[in-house]
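J.: Structure incoming, see below.
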Amino acid sequence: MSELAVDIVGLTKAFGGLTAVDDVTIQVPPRRIHGILGPNGAGKTTVLNMVSGFIQADSGRLDVLGQDVTGMRPFQIARRGVGRTYQNIRLFPGMTVLETVVAGAYGQRRSTIAGALLMSPAERRERREMRARAADLLDRVGCRAPHSALAETLSYGDQRRVEIARALATNPRVLLLDEPTAGMNDAESQEVGQLLVELRESGLTLILIEHNMRLVEDFCETVSVMNSGALLAEGAPTWCLEQDKVKEAYFGKRSDAARIATLRRARRGPGGS
Amino acid sequence: MQLLIQQLLNGIALGAVYGLFAVGFSLILAKMGILNVAHGTFATWGALSSYWLVSEQGLSFWAALVIGVAFAGALGVAADLVAFEPLRRRNAGTFAPIIASIGIWIVLLTLAEAFSGPTATSYPTESVPTEPIRVGGLLLLPAQVISVLALVATVTAIHLLLTRSRFGAAVRAVSVDPRSATIVGVNARRVLVTVAFLAAAIAGLAGILAALSDNNVSFGIGEALLLKGFAAVVVGGYGDIRGAALLGVAIGVLEVMSAQYISSGFRDAITFGVLLVVLVFRPQGIFGERQLVRA
Amino acid sequence: MITLQFAGVNALFALAVYASLWTGVLSLAPVFFGAVSAFTFGYFAGTLGMTPLLGLLLGAALGAALGAVTAGLLIRLDSHYLAMATIAMVLIGRVLILNLPEQTGGASGTLVPGDLGTWAWLIGTLLVAAYLMARLAGSRFGLAADAVREDPAVAETLAISPRRIQFVGMVISGVLGGAAGILQSSFLRYIGPDTFYTHLGFVTLAAVVLGGAFHWLGPIVGAVVFTILPELLREPMGEYDRVVTGVLLVVIIIYMPRGLVDVRRLRLVRSGWWRRDGPAPGGPDQGEPTAARAEVAP
């Protein structure tokens with residue numbers, strides 16, 4: 001039996017009278033790159049927020065790596081191997097690039113208050129290791145900014161990379177990426193795509209919200225398309241984008257192949273969802 | 001039985017002052033999202049200014065009451081203009097307004113101490129109504145009657161204002177999101193300043209009535225009220241001024257009853273015990289909604 | 001000289017406030033912790049005769065226990081209520097002292113041995129406290145505390161439990177507050193219901209806000225400024241000297257929200273970022289970094 005990495009069944013969330021996510025089921029097997037697509041306001045980020053425990057679902061069930069995490073606090077879900085990034089980058093003000101990533105390693109560290117106060121050999125060793133590991137992660141995500149710079153002063157692309165490195169520092173087995181290439185140019189987006197493949201090779205399951213259709217078609221194996229909170233289609237990206245109801249969701253009734261082509265060319269998607 | 005009813009009435013009268021203070025405190029917390037710890041000093045200054053007008057300027061108590069209430073309201077507006085508005089404009093987060101209000105507390109408390117001197121005084125006896133009212137075997141002091149009437153009138157007026165008037169709708173809009181409120185044509189500044197004035201003016205009224213009931217004008221009035229007002233808001237629950245008013249009265253009754261039947265030393269301890277229990281087990285208060293900070 | 005000694009004690013109290021503010025909790029509880037440890041010390045020192053070191057350790061331990069209880073009961077409250085609840089603790093402390101005359105001397109207060117009221121003990125304690133805070137700064141706890149203060153929701157997705165971090169912060173706050181209470185009482189030799197009251201809380205908070213709540217040096221610098229400043233103002237201002245404290249508090253929180261010791265600004269200056277015109281390279285409409293999120297705390 002192949003266990004699912006992420007098993008979302010019938011997840012529903014309403015804000016006031018508005019149903020943001022309506023009975024959505026998404027099942028992602030391990031070592032898969034899965035995309036969540038849909039126009040702005042489709043409820044994609046809300047799904048991600050529920051998987052990471054940011055917000056609680058009204059109903060439905062959520063399993064991660066074979067464990068039921070429904071109703072758990074975000075830190076408990078994070079401890080079970082879920083890492084994430086944010087659509088509107090959320091780095092800690094005042095922290096350097098390296099500190100930001102080391103802060104992400106909190107759950108990986110064993111040092112205690114007493115050890116820190118006495119500066120025990122174990123504490124020294126761990127601090128050294130953590131800095132080395134953070135530097136490795138920053139290399140891996142392709143962040144070339146100086147490690148002593150304030151994270152918030154980096155370029156948009158590098159801020160996104162630092163966020164990915166921070167999430168990776170938690171040593172996740174499932175990584176949720178909310179528009180990882182927003183604000184990046186073509187070459188940078190392709191680099192991120194390559195990174196996704198490398199991460200998948202190392203055993204991670206990746207779920208990303210993405211507006212860059214070329215990236216989706218090149219790197220996602222499966223996608224779920226959402227519209228107004230409901231699931232519209234799921235399957236291979238090319239197949240999904242051919243579906244009439246998907247075209248309708250993006251362009252209204254007048255669907256034609258030329259519009260799809262436009263969509264595929266639309267690589268920059270700084271908008272929200 | 002007679003004693004019980006008499007003490008119940010005394011408790012309600014004492015609690016009316018607490019409730020009054022709590023209404024203003026809750027108004028500024030719920031509608032403006034500011035925990036204003038300087039609120040107690042507005043009460044102190046309401047009492048001090050009216051005392052000064054009566055004893056030094058020879059005004060009648062009622063004229064002094066009106067001016068004292070207006071003066072406290074003006075202090076509230078000043079605090080908003082000087083401290084809270086700049087922070088609001090800078091979108092400064094949760095703690096900054098609390099810290100700023102502590103700054104205002106220090107300033108107004110120090111000035112109050114300097115103004116009143118260390119010794120407590122009271123309104124000149126001939127200037128205030130003191131003739132007790134006898135109903136059956138019960139004794140009611142004018143200050144007690146005034147306190148209860150003031151609470152009922154204030155709560156009714158503020159509640160109607162908030163729920164039935166155009167102004168109330170504007171307050172709700174601004175308390176949810178000042179920016180969108182401005183877009184739909186609400187003058188957010190004017191709404192905020194008005195709420196600040198009302199809240200502080202009510203505090204001033206509570207201060208004056210506390211001084212009248214206690215027969216004691218001193219710079220410490222505000223601190224005592226702050227604690228009771230906070231307890232009433234916490235226990236009553238955030239968001240509805242009626243809850244705060246009701247719990248203020250309940251705290252007053254509880255205090256008088258425990259002083260009478262348990263021990264006067266335990267009077268405050270019991271209030272704080274209730275406060276702690278509610279904070280720990282039901283932080284949203286008895287009638288409260290869950291959420292405190294506006295989105 | 002005496003003023004400087006009180007600056008040192010205030011610095012300890014300020015470090016105690018800083019310890020919980022570091023984790024995103026605004027708390028005046030250290031003043032209450034100090035009161036309890038000081039009156040306990042006064043009570044036992046009178047009857048048992050206690051060595052100075054034992055007294056100091058007792059104060060710290062008692063503070064830690066109180067911090068743990070306070071955190072256990074109150075840490076889940078919304079930050080507004082939590083702040084107000086700790087202010088209420090200070091106000092209630094005075095009521096307790098007045099109502100327990102057997103133990104505290106009530107309104108007339110109590111005498112405390114002055115063995116610890118020396119420069120050596122003060123500097124020693126302050127050095128130890130500063131050393132501990134500095135050690136914690138880059139530690140696992142320290143980075144987690146920074147993260148929780150700046151953005152608790154994001155910190156949670158890094159497997160950090162904010163409440164646990166805030167619990168630890170409150171315990172550290174208790175240790176420092178308890179020790180500070182013992183030293184304060186030893187310097188004064190007499191403590192009463194107003195010794196650990198709002199005024200001490202005000203000065204302490206003002207110190208943290210002025211010095212900055214983002215580095216352990218901040219509260220110490222702030223405490224020195226706020227203890228000496230009123231002394232200098234006593235001549236020209238008379239009884240109004242505290243007004244300056246209040247005004248400064250408002251002015252600082254509006255115009256210098258991160259205080260004097262602002263690590264972030266130092267880092268910005270060092271990386272030369274502030275010199276650049278316009279947005280950071282490649283960054284679309286980043287705006288000034290001080291704009292929105294940066295100022296959520298203190």
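Every residue number used here counts from 1 along the chain in the order it is shown.
Cβ from N, Cα, C; glycine included.
Pulled from TrEMBL, these are the listed features:
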- B:12-30: transmembrane segment (TRANSMEM)
- B:60-83: transmembrane segment (TRANSMEM)
- B:95-115: transmembrane segment (TRANSMEM)
- B:135-162: transmembrane segment (TRANSMEM)
- B:191-212: transmembrane segment (TRANSMEM)
- B:218-238: transmembrane segment (TRANSMEM)
- B:245-263: transmembrane segment (TRANSMEM)
- B:269-287: transmembrane segment (TRANSMEM)
J.: Taking the transmembrane segment (B:191-212) as reference, which of B:60-83, B:95-115, B:135-162, B:218-238, B:245-263 has the most Cβ pairs under 8 angstroms?
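T.: Stretch with maximum Cβ contacts: B:60-83.
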J.: Below 8 Å between Cβ atoms, which of the listed ranges B:95-115, B:135-162, B:245-263, B:269-287 makes the most pairs with the transmembrane segment (B:218-238)?
T.: B:269-287
J.: Where among B:60-83, B:95-115, B:135-162 do we find the most Cβ pairs under 8 Å to the transmembrane segment (B:245-263)?
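T.: Between the candidates B:60-83, B:95-115, B:135-162, the best contact partner of the transmembrane segment (B:245-263) is B:135-162.
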J.: Taking pairs 6 or more apart in sequence, does the count of Cβ pairs under 8 Å between the transmembrane segment (B:95-115) and the transmembrane segment (B:135-162) hit 3 or more?
T.: no
